[in-house]
C-alpha cells in the first residue's frame, strides 16, 4: 500500500465518523428514538421529555460527548457496576500505554526507520506515492547500529507496560474489595451451590441436604433449595408467553385510533375478534396446564442432585465452599453460587448424557467454524494483492485499473469484510459456551470471552500474518525454534493491511454508537408492525464480544510497535473514540445483567502479557534477520522477566478475583451483626434461589428476562 | 543377543542371588551383625540374644523368608506406617498386573511371534544360538492377521491395568482415611504453618500473629510459635556434638580392657589424657557459647516471618488452611504443617536471596548432570554392540573373541555399569530438592522421588532407546507426529539390552538384602576404629530412590509387553524377589522417619498411566510399521480412554491425598471432645513446634537425628 491509499482510507473513515457522529447527535434528540439511544434512561424514567418537534433538534451538536465525558468513576460504578468500570479501565490503560508508545514510535522509531534507507538521502518529494514500507523497520540497513534504538525501545516499552499493568491490577483489585465491602448483603454471598448430592433412595434429596448440613454446619446452616428439572414447564411457559404477547398485540390494534380505518377495512376487525376468542381459549388452556405442571412438580418433583444452600454468614458459606465436604471427593461438590438472576436454569434440566453429547457437538462445531473462517480469511487476504485477484477473476481487470476503485478494494474492502464476518462469531461462541454446562450466564459470557479472544487472535492476527494452508500454519508451532524468525518475516509484510484495518475500525465504532441494526429494526417495526410501545428490552453490553475486539488493537499496537510505528497514532485515535463512545453507551444504552465484580480484568491482563511476549519474540526474530545477533540474544531475558512478572501478578492479585479472604468476610459479617435489616434479609434469602419456572403464573410477563435470559441479550 | 548369552546371564545372576541369599541367612544369624541386619529390632529390644557361637548359625536357612512373608498388612501398618504399606502394595499391584501380562505374553504372544517367522518352519533345533529377535514382534510378517492378537492383547491389558489401578487407588485411599480416623491426636493435624507474616515494625512478630488469629479465629486459636533463624546456633551445636562424640570415643578406649596394653604402649595413654583435658575445656567453652546464643536469641530473637499456629480442633486448623486469610494474597499464606520431627529447620534459616541463588544452582547442576549421564549412557550403549567397541579400542579385539568374555561384556557388564552409575544419582537428587526450599523432609523426599522418576525414565529408558546425540533425542518431541513410528523402530532394537538389565537387577536386589556397603563399613569400623558400640543409627528407607527404581521395571514390562514378551517372566521374578526382600528390610532394618499417609501412591499411579500410554503409542507405531493401518487407527481410542480414566481417578481419589474432608475432620473432633486426654495433648501441643536448636543443651546427644535430619538418612 502506498501513502496515498492510506490517506484515502483515513479520509473516507474520518468522513464517515464525522457523518455518523452528526447523525447520532441529531437522531438522539428525536423523542421517538429515545428507546433506541437511551433505553436505560427511559426505563429509569430519567429521559427528559421534550416537545414533539424542535428546530434545534435537527442541528448536530457535541453535547453528548460532554455528557459521556463528565461522570466520575464512582458514578460509572453506581450506574454500570464494577464490570462497566473495568471495561472503561481497558480504554484508560490502553490510552496510557499507547500515548507513551506513540510518542516513542513517531518521534524516535519512525525517523530512524525512514532515515535508515539504504540510499541515505532524505527525500520528502513524491511522498504520496511512496510505499508505507519506508516507515517500517525493513527500511533499516542490516546490522546497522540504529537497530539498538529499537532494542532500547523494546526494553523501555516492556518496563512501562509492566508498571502500568501492575498499577491497574492493583487499582482494580482494590476497587473490587472496596466494592464488596460497601455492598449491601446479597444472596450469592451467603449461598453455595452443592452438586452431586448422593441419593439414598429412602429420603428425598431435600431431606438429605438438610440432614447433611445440619449435621456438619449446625450453627451456620440456614436453608436449602433443591433444583428441579423444569424443561417441560419452561417450554409451556414460553408458549403461554408468546400467546399472551400475540393477544395483547391484537388487542392493541383496534384501540389505537389512527389505525381504526385501516383495520376495519376489508373486514379485518371481524376476523380479529374470532382469532382473539380462539387465542384466549388456548391461553386459558395453557395457563391451566402450567398451573397443573407447577403443582405436579411440587408434589412429585423430579429433583436434580444439586441444591443452593444458604448460610447465616458469608464466612459460613466460605467454609462450606473451600473445605471439601465429603470423604468421597466426587460427592457434595461445592461451588460459588451465582447471583439469583444470573443462574442459567436450563443447564440444570439437561441430563448427564445430554451434556456429554452437547460437548461433543461443540467440539465438532468448533472445527467446522475454524475451517469456514480460514476460507474467508484466505479470500480477504487475496484482496490486498490485486494481482492475485486479477488472475482469479480476469473480467475485473478493467475496473480495478481505476485508481479509486483499486484503492478502495485494497485499502477498505478487505478489512470491512473481516469486520462483518467477525461480527457473526460472538453469538456462535456464546452458544458454544452455553452448551458446555456453565451454571451462570456470567460464566458463559466469560468463557465465550476467552473463546472470542482465542478466535480473534488466531483468525484476525495469525491467519492474516501466516498466509498459507491451515496445516502450514500449525506446523510453525511444531518447530518452536523457527517461530521468531518466521514471525519476523511474516508480520511486517502485513503492516499495511493492519493499518487499514485499524482505520476502518473507527467507522465500526460509530456503527456501535448509532446502534445501526437496532435503529433500522426499530424503524421498521414502528412503521410496519405497530407493536405495543411499552414493550421493549434494555440490552446488556456483550462484554464477550467487545473486550476481545478492543484487546485485538492492543495486540496490533504491541506487535507493530517496533516494526511499523506508523500504526500507533491510528490505534490511539481508536482508543480515544472508543473511550467516549463506550462511556456514552454504558451510561445511556446498556444495563448490567450481572455483576462479576471485575472478573474480566484477568483476561485483559493475560492478553496484554501475551501481546508483550509476542512483541518480544518477534523482536528476537527481527534482530536475527537484521544480522544483529547480539541484540537478538540480549532480548531473550525480556520474555523471561515478563513471565516472572506475570507469575508474581498471578500470585499477588488473581486470588482476589476468585474469592474473598477470611479477613474481608469476617469484617463484613461483623458489621452486619448489628444491622436490624439482616433478619429480614435472611428470611428473604430462603426464597431467592427459586426456579422462576416455578413462580406463580401471574408473574409470567414480568419474568420474561428470567426464564430465557440467554435470549434476552442483544446479539 | 542370542539365547545362550541370555541363559549365561540368567545363570550368573541366579547363582549370585542364591549365593547372596545364603550368605545373608548366615550373616544374619551372627549376633555381631545384628546392628547391620536388624537395627530396628535391636533398637526396639526385640532382637533375640543368642550364644556367641553356634554351628547352626553357619548353615544357610530360609527362615527369614517365612518371617518376612508372614506378617499381615495391619502388622506392617503398625510397624512401618502407611508409607511402608504403600511401598509393599506397589509390589502386590505389580505382581498382579504382570502375572496376567506374563500369562498372555508367554502363552499367546510369544508363540505367535515365534511362529510368525517368514519361513513358517517350526524349528527348535539350535535354539541356544538363535537370536532373541525370534521371540519379538519383528518376527511377525508385515500386515499379517496374527497382529490382531497383539491388538486384542493391548486392549485387554489396558482394561486389566485400569481395573487394578482403580481398585488399588480405592484401597489405599480407604486405608488412608481409616488410618487417619484411628490415629491418636497428632500435632500436625491441629497446626498450620503461616508464611509471609507482615511486620508492622512496632510489635514483634509473635504479637502480630497472636493478634491476627485472636481477632479472626477467637474460638479456635490456641497458640503460635514463631520460627527463628538459628543457622549460627545450629553450627555451634554440631561442633559441640562432634567434640562430645570424640571425647566419649577417647574415654571408651582406656576403659576397654583388651586395649589397655595397646594404648599404654608407646605412652599413648599419657597423650590421650592431655588431649582429653584439651577437648573437655573446648567442649565447656562451646557449651557456654551455645547457652549464650540460646538465651541471646530468646531475648533479641532474629525472627523469621513464619509461624506454626496451633488450633483447638482439626476443623479449626482446616479453616485457616483452606480459606485465604488476608486481603493481600501474598501475606499470611497458610500451608499444611508437617509433623514436628519432619520439619526441615535449616530451610527457615536461609534468606530469600540464598534460596533464589540455590534454585539457580540447582538448575545449572541439573544441566550438568544431564550432560554427564548422557556420556555414560552413550558409553554403555557402545558395549552392547561389540563391533563398535572393537573399532574404538582395537587392542581388545583378541580378548573379546573369547565367547565367555564377549557374552559377559554384552550381557552383563553394560547393565551392571548402569546400575552402579544410577545408584549415585539419588543422593544428588535429594540434595537438589533440599535446595529448592521445601519445609518438610517428607516433601523433599517426595520431590526427589519425582525427579528420580523423570531421571530414571529419561536416562534408563529413553536415552537407551533413542540412541544418538542429545539434540536428536529432544528433536523427536518437536515433531510429535513421528513419535509413535520412531519409538516403534527404536524400542524393539533394545529388547535384549533391557532383558539383560532386568536379569542383573535380581543381583542388585540381593545387594540391598545384604546391605553390602553398610556391612563392609561396619566390619571395617568394628575391627579398626573400635567406636562406641551403643552408637548406631537406624536407617530410614529412601523411598525417593527405591520407588522410581521399582517403577522402571513396570515401565519396561508395559513397553515390551507387545514387542518382546520374553521379558515378562524375568520381571515377574524381579517383583517376587523384591516383595520378600523389601518386606524383610521394612520389618527388620528401616524405621519410618515420617508418615505422609500414603502420599507416594499418586506418583505410582501417574507413572503407571504414563507407562500404559507409552505402550499404546508404541503399539500405534508398530501396527503402522507392520502395514496394518486399520489396527493402528483402532488403537487410537485407547490412550484417550486411558487419559479419561486417569482424569476420573484424579477427581475421585487425588483430593483425598491432599487433605481430609470436613466430614472426616468434624467426626474426629467430636470423638475427641469426650476424651479427657485431650486437655493434656493441647497443653503439650504448644511446645511441639519448637526449633530443636533452642532446646536446652542437656538434650544435645539425644536430639542428634533432629538437628540434622537430612544427614541422618542412609544415602
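Using N, Cα and C of the backbone, Cβ positions are placed for all residues, glycine too.
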>> If I go by TrEMBL, the feature transmembrane segment sits on one of A:493-514, A:515-536, A:603-624, A:625-646. Which?
In response: A:603-624
>> Of the ranges A:77-96, A:97-116, A:117-136, A:177-196, which one does TrEMBL flag as transmembrane segment?
In response: A:97-116
> Can you check which of A:333-359, A:360-386, A:387-413, A:414-440 TrEMBL lists as transmembrane segment?
Replying inline: A:360-386
> Pick from A:283-307, A:308-332, A:558-582: which range does TrEMBL record as transmembrane segment?
Replying inline: A:558-582
> Which is it, of A:245-270, A:453-478, A:661-686, that TrEMBL names as transmembrane segment?
Replying inline: A:453-478
>> Considering every residue in the domain 'CSC1/OSCA1-like 7TM region' (A:359-623), what is the mean pLDDT value?
In response: 81
